[in-house]
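Going by TrEMBL, these are the annotated features:
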{"type": "BINDING", "residues": "ASN13, GLN46, ASN66, GLY76, ASN77, ASN159, ASN192, GLU210, ARG211, GLY220, THR221", "note": "substrate binding site"}
{"type": "ACT_SITE", "residues": "CYS75", "note": "active site, proton donor"}
{"type": "ACT_SITE", "residues": "CYS75", "note": "active site"}
{"type": "ACT_SITE", "residues": "CYS219", "note": "active site, proton acceptor"}
Amino acid sequence: MKLNFSKMHGLGNDFMVIDGVRQAVTLSNEAIGQLGHRQFGIGFDQLLLVEKSTTPGIDFRYRIFNCDGSEVEQCGNGSRCFARFVFDQGLTDKTEIAVETAKGVIYPRLESNGLVTVNMGAPRFAPSEIPFEAPNEAIIDPLIVDGQVYDISVVSMGNPHAVQIVDDVETAPVALHGTLIENHKRFPQKVNAGFMQIVSRSEICLRVFERAAGETLACGTGACAAVVAGIRRGLLDETVLVHTRGGDLTISWAGGDSPVMMTGPAVTVFEGSIEL
Ligand SMILES: N[C@H](CCC[C@H](N)C(=O)O)C(=O)O
């Protein structure tokens, strides 16, 4: 099977994007894991599969697979690349689309300045929606990591996030604690671990150890979750500039059931094809 694809990234969080509308794509989770391998495959943090939607009013279906082949619910940096891909590939002439994912509908919009703004939907906090083993919903939960208690905030953007505040992201134990949190027994479907440094009420620095992918240069849903966590803790205002290692995102959230809005870049590096 010949497979056409685009290699893209959102702030260095990189993707293999596949048109599943004009080509028949059958990929096992194992095959995706092989494609995702940095040395033996194409190499990516996630694979994004573009499919037509059969739901009235919805333009596309968006499936996301981590580099190990596991399918996940949401990918923020990927959603911007998704929108750029379908427009550039002529799959739509719309600059604002409705895209259904495993956990809800998102609405990416191509901006005239080349950036992409995405309505990522409302965050969720109930333990059952993360999922997270806890007696009730809370803004802060104590989590024992490596024998010490850390204050984390759990947020679902469709996918699960555990966010903590650190004094300095550059010296935070992201590698060690990231994997301990990712695989913590209280997260039955594992979790993305965010490390947030508060610069001001409108600016943070963030590193994210992603579920299955390890630390990535940026994590879009992680940035959404971190800003939501900071606002709920009373530490951030509604619109926040998020500095990641790969560059900057702007995240806004008005609270409650309002959607989280994310703005950032989406870049096509090259187009290719592969025989499978
Ligand atoms: N590793 C994540 C999926 C990708 C999220 C990230 N790349 C983003 O931009 O949101 C998970 O397992 O939930």
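Every residue, even glycine, has its Cβ placed from backbone N, Cα and C.
TrEMBL labels come from automatic prediction, so no person has curated them.
Because the structure is a prediction, the values reported are computed rather than measured.
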Can you tell me the three-state DSSP label for ASN192 (substrate binding site)?
strand
Given the substrate site residues ASN13, GLN46, ASN66, GLY76, ASN77, ASN159, ASN192, GLU210, ARG211, GLY220, THR221, which other residues of that chain have a Cβ within 8 Å of the mean position of their Cβ atoms, reported in sequence order?
ASP45, ILE64, VAL72, GLN74, CYS75, GLY78, VAL208, ALA213, THR216, CYS219, GLY222
Within 10 Å of its Cβ, which one of these binding-site residues (ASN66, ASN77, ASN192, THR221) has the largest number of other Cβ atoms?
ASN77
Between ARG211 (substrate binding site) and CYS219 (active site, proton acceptor), how far is it from one CA atom to the other, in Å?
11
Measure from the Cβ of the residue listed as 'active site, proton acceptor' and count the other Cβ atoms within 10 Å, all protein chains considered.
35
Can you name the residues of this chain that are 6 or more positions from ASN13 (substrate binding site) yet have a C-beta less than 8 Å from its C-beta?
ASP45, GLN46, ASN77, GLY78, THR216, LEU217, ALA218, CYS219, GLY220, GLY246
Could you check what DSSP calls ARG211 (substrate binding site) once collapsed to helix, strand or coil?
coil
Among CYS75, ARG211, the recorded positions in question, whose Cβ has the most other Cβ atoms within 10 Å in this structure?
CYS75
Where does ASN66 (substrate binding site) sit in DSSP terms: helix, strand, or coil?
strand
CYS75 (active site, proton donor) versus THR221 (substrate binding site) - Cα distance in angstrom:
6
